[in-house]
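Peer 1: Questions regarding the structure given below will be posed in turn.
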């Protein structure tokens with residue numbers, strides 16, 4: 001099997017060598033599919049959610065300022081709350097609510113993406129290290145990770161509990177619709193037994 005020469009490899013576009021469609025060529029019948037660009041409305045929704053999330057984080061920072069050299073409780077709480085909200089939201093968006101185009105990018109990518117902050121957490125930890133508060137910095141970093149995972153797990157658990165309750169309710173409604181006489185008989189039996197006891 002012959003290998004392409006160095007000159008041929010240099011002349012071959014990177015996209016072709018990687019098996020991807022070049023953005024400068026018309027796609028052929030055998031070309032791999034291109035990823036569709038987000039719709040302008042979706043981008044606008046993400047921007048709107050990002051604006052709201054950024055403002056919310058900024059206002060919380062003003063309302064609950066953290067003194068220099070102390071544990072950044074406000075940023076910690078924001079990231080933990082954002083992890084919980086995002087996990088709970090994903091259950092509702094993907095498994096409970098009807099399919100929608102804008103809820104997930106608005107609240108997930110937009111709001112939660114701007115509300116939570118990795119950069120501010122990193123800066124806060126770096127300042128703690130610089131002040132010699134190594135224990136506080138490590139506790140902040142690992143505590144943020146552990147609490148974020150715990151909050152996300154709690155959000156998933158609550159969301160799935162709501163989903164399970166909805167499934168049970170739908171199953172009971174379907175059973176009642178298929179066998180209404182059995183349901184009415186089951187409801188009347190305790191009343192009949194109570195009347196016999198009183199008699």
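Note that Cβ sites are derived from N, Cα and C of the backbone, with glycine treated the same way.
Residues or ranges marked as Na(+) binding site in TrEMBL: 113, 116. Annotation comment: TrEMBL describes 170-184 as compositional bias 'Basic and acidic residues'. Annotated compositional bias 'Low complexity' per TrEMBL: 185-199, in sequence order. What TrEMBL lists as region 'Disordered' is 1-36, 169-199. Residues or ranges marked as transmembrane segment by TrEMBL: 42-64, 76-94, 106-125, 137-158.
Can you tell me where each of these features sits in the structure?
Peer 2: Its Cβ taken as reference, residue 116 (Na(+) binding site) is surrounded by 21 other Cβ atoms within 10 Å in the chains shown.
Proximity of distant same-chain residues to the transmembrane segment (76-94), defined by a Cβ-Cβ separation under 8 Å and at least 6 residues beyond the stretch ends, is recorded for 57, 60, 100, 103-104, 107-108, 112, 115-117, 121, 140, 143-144, 147-149, 151-156, 158-160, 162-163.
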Peer 1: Far apart in sequence but close in space: which same-chain residues, 6 or more away, have a Cβ under 8 Å from residue 113 (Na(+) binding site)?
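Peer 2: Long-range Cβ contacts: 46, 49, 50, 53.
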Peer 1: In DSSP terms, helix, strand or coil for residue 113 (Na(+) binding site)?
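Peer 2: Assignment for residue 113 (Na(+) binding site) reads helix.
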